[in-house]
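Here is the structure we will look at.
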Amino acid sequence: MASYFQTLLVLVMVTLVTLLVIPVNAELSPHFYDKICPQALPAIKSAVFQAIKKEQRIGASLLRLHFHDCFVNGCDGSVLLDDTASFTGEKTAQPNNNSIRGFSVVDEIKAVVDKACKRPVVSCADILAIAARDSVAILGGSQFWYQVLLGRRDARTASKAAANSNLPPPTFNFSQLISNFNTHGLNVRDLVALSGGHTIGFARCTTFRTRIYNETRLIDPKFAASLRNKCPKKGNDNVLEQLDATVARVDTTYFKDLLHKKGLLHSDQELFKGKGSASDNLVKLYSRSTSAFARDFKASMIKMGNLKPLTGRKGEIRCNCRRIN
Ligand code: HEM
Ligand SMILES: *[C@@H]1O[C@H](CO)[C@@H](O)[C@H](O)[C@H]1NC(C)=O
Ligand SMILES: *[C@@H]1O[C@H](CO)[C@@H](O)[C@H](O)[C@H]1NC(C)=O
Ligand SMILES: *[C@@H]1O[C@H](CO)[C@@H](O)[C@H](O)[C@H]1NC(C)=O
């Protein structure tokens, strides 16, 4: 009996030591920077706060950058890489071109955190994950705060082709959205909760033009008419419209808008058709319960943030988020 427990104890200790000392395929952890640089998270939070104070929309833009990073070969900072004569990044892929923004704010955050840590130890991929979390918590309040998992490293590659094929366009119907999310290991609950990211930020006229001119079902006629005043049939592609009625608040208005057929994007309204589908029921639930939305949004953000991170010795910690070391 005694020797059985001794053997068990040795086994447990060997396993523990192995796990602690050799992070071969390390998992992300909320405590990753606790020892390496305890100043990192507060420094990022204050930089994000200042950036939002300067321009409210930046919170939305930072959240979207994390999404567009994670859905293209994992959360590895690839979306931040600039094109050069010899390198093609993801910035000019169809879903990103003239659309994703916030790169100079990411540069600012990177400078602030590297200074606070006295050396570059926080990856650009983690900066996006932390900035997205902080933006949502700043614009939504403490119920939307979650412990973000960390330890991602930065890619030395990017893929414009993957950005074109892996990011869902706003023309997608419900089954296309579901299969896109499924390829990322995400389900209908993740799809509806994460689409709630559209509780903040703006879309360009070109992304909802077909909806307001050519769709007749599932769009409120007065809503469509008022949008047609701002977004002409031709031209003014870059005119902005808010994605929900309370554009600077992380709240449940996005889902309430869907119940009233006031989703701005075709893909938004695909989540609610009033036929009692699983997705309809989730939209209804989130429209009346901030706590249900917050709970599921946070859980899905963590799932999205776990998409294929580079850890351990893979990748690198970039010195400049726009280029590989
Ligand atoms: C479900 C599929 C999705 C589609 C089809 C979609 C599509 C779009 C489109 C077309 C825009 C406007 C882009 C422009 O006009 O340049 C946009 C903006 C935005 N998206 Fe999504 N999106 C999706 C999911 C998500 C997710 C999962 C998040 C984050 C959790 C997100 C966060 C945002 C934010 C915050 C903005 C506003 C950005 C800003 O104002 O700078 N989206 N999205
Ligand atoms: C990206 O946008 C620029 C500026 O509008 C345009 O000239 C260019 O053709 C676009 N690139 C792609 C690949 O669509
Ligand atoms: C969704 O779009 C795909 C591709 O265009 C099409 O094959 C499918 O029939 C559509 N599904 C529904 C339910 O409309
Ligand atoms: C609406 O549909 C018509 C006929 O298919 C098409 O010619 C037109 O370009 C569409 N308009 C918009 C704004 O998408």
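Positions of Cβ are set from backbone N, Cα and C atoms, glycine also.
The disulfide bond recorded by TrEMBL for Cys37 reaches one of Cys70, Cys75, Cys117; that cysteine is Cys117.
In the disulfide annotation of TrEMBL, Cys75 is paired with Cys70 out of the candidates Cys70, Cys124.
Within 10 Å of the C-beta of Cys205 (disulfide bond) we count 18 further C-beta atoms, all protein chains included.
What surrounds the Ca(2+) 1 site, by Cβ distance within 8 Å of the Cβ centroid and not counting Asp69, Val72, Gly74, Asp76, Ser78, Glu90, is the set His68, Cys70, Phe71, Asn73, Cys75, Gly77, Val79, Ala125, Ala155, Ala158, Ser159, Ala162, Ala163 from the same chain. Here Cys124 (disulfide bond) is positioned 15 angstrom away from Val72 (Ca(2+) 1 binding site), judged by their C-alpha atoms.
For Cys205 (disulfide bond), the spatially nearest entry among the recorded positions Cys37, His68, Cys75, Ser78, Cys124 is His68, judged by CA separation.
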